[in-house]
Amino acid sequence: MLEKGAFMSPFHRPRCLAAAAPAGKAKLTHPGKAILAGGIAGGIEICITFPTEYVKTQLQLDEKASPPKYKGIGDCVKQTVQSHGVKGLYRGLSSLLYGSIPKSAVRFGVFEFLSNHAKDESGRLDSTRGLLCGLGAGVMEAVLVVCPMETVKVKFIHDQTSAKPKYKGFFHGVREIIRERGLRGTYQGLTATVLKQGSNQAIRFFVMTSLKNWYKGDNPNKTINPLVTGMFGAIAGAASVFGNTPLDVIKTRMQGLEAHKYKSTVDCAIKILRHEGPAAFYKGTVPRLGRVCLDVAIVFIIYEEVVKILNTVWKTE
């Protein structure tokens with residue numbers, strides 16, 4: 001028996017250590033923890049970054065045919081503050097806040113669920129699988145949360161530009177939209193939203209996974225400083241902005257109050273290209289770049305830190 005044990009131990013050592021030490025299973029985040037940590041991170045992040053989201057949406061809705069109401073980012077902020085005060089930059093926050101919490105919860109919950117099944121024995125997730133897990137998470141958040149909540153948010157912001165705003169609040173707005181257009185009215189631009197969110201998270205998690213694997217090297221348990229996590233998150237956010245801003249523009253148009261002008265996602269893209277030119281697909285890129293980089297950095301930092309706290313008080317192994 002001793003000889004057998006002596007022979008077997010060296011052969012099985014790598015796997016035994018990976019399973020017994022924090023190196024292996026400790027790297028698997030329980031989906032429940034991911035949902036809770038993701039929700040907390042999403043709520044905090046949106047309260048910080050909403051003004052840039054507001055400006056981005058206003059510039060995208062400010063079509064050339066109208067003619068343009070705003071000369072640029074600064075002018076948009078100036079006119080909004082003059083007309084509605086600083087709180088005007090937070091018009092529509094409630095709808096986005098109600099959506100941001102479940103959105104991040106679904107995103108990280110689904111990602112961790114999928115990645116837990118995709119990681120190797122050492123707890124490492126390769127970049128390609130990270131991209132696929134991110135894609136799955138993005139599609140799920142688009143269908144369950146993002147599309148209906150973003151539709152309400154865009155209509156709220158667009159409604160403010162009218163002479164007589166008709167939406168008095170979040171729940172009133174939802175009731176009015178459903179009453180006028182049915183439940184289907186909250187799913188305008190679903191195809192564009194699925195494409196945008198799917199590609200968004202695929203790109204972000206691919207970049208994050210690649211950078212984290214590079215940073216950790218041969219030690220999958222190497223601790224990453226929150227500032228480094230934030231830097232990686234900002235890079236991932238920037239990559240997603242340049243990768244899918246055209247889809248974001250199409251999605252915003254499809255969910256605005258003048259969505260009836262477009263027959264489909266493809267029709268919307270064709271009309272924008274025909275009447276406004278290719279540059280229109282990158283309208284609002286600068287404010288979106290700033291918001292998304294900050295957004296992704298904040299979310300990943302808070303998420304990782306909350307998970308660390310949950311690991312100490314919520315034992316799932």
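Cβ coordinates are placed from backbone N, Cα and C, and glycine is handled just like the others.
Remember, TrEMBL labels are computer predictions, not curated facts.
Source: prediction; values computed, not measured.
Per TrEMBL, repeat 'Solcar' is recorded for 29-117 (among others).
Predicted-model confidence for the repeat 'Solcar' (128-214) is 86, expressed as mean pLDDT. Taken from TrEMBL, the feature repeat 'Solcar' covers 128-214 (among others).
Taken from TrEMBL, the feature repeat 'Solcar' applies to 224-309 (among others). Across the range of the repeat 'Solcar' (224-309), the DSSP-based residue counts are 75 helix, 0 strand, 11 coil.
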Residues in the repeat 'Solcar' (128-214) grouped by DSSP into helix, strand and remaining coil:
75 helix, 0 strand, 12 coil
DSSP-wise, what's the residue breakdown of the repeat 'Solcar' (29-117) into helix, strand and coil?
73 helix, 0 strand, 16 coil
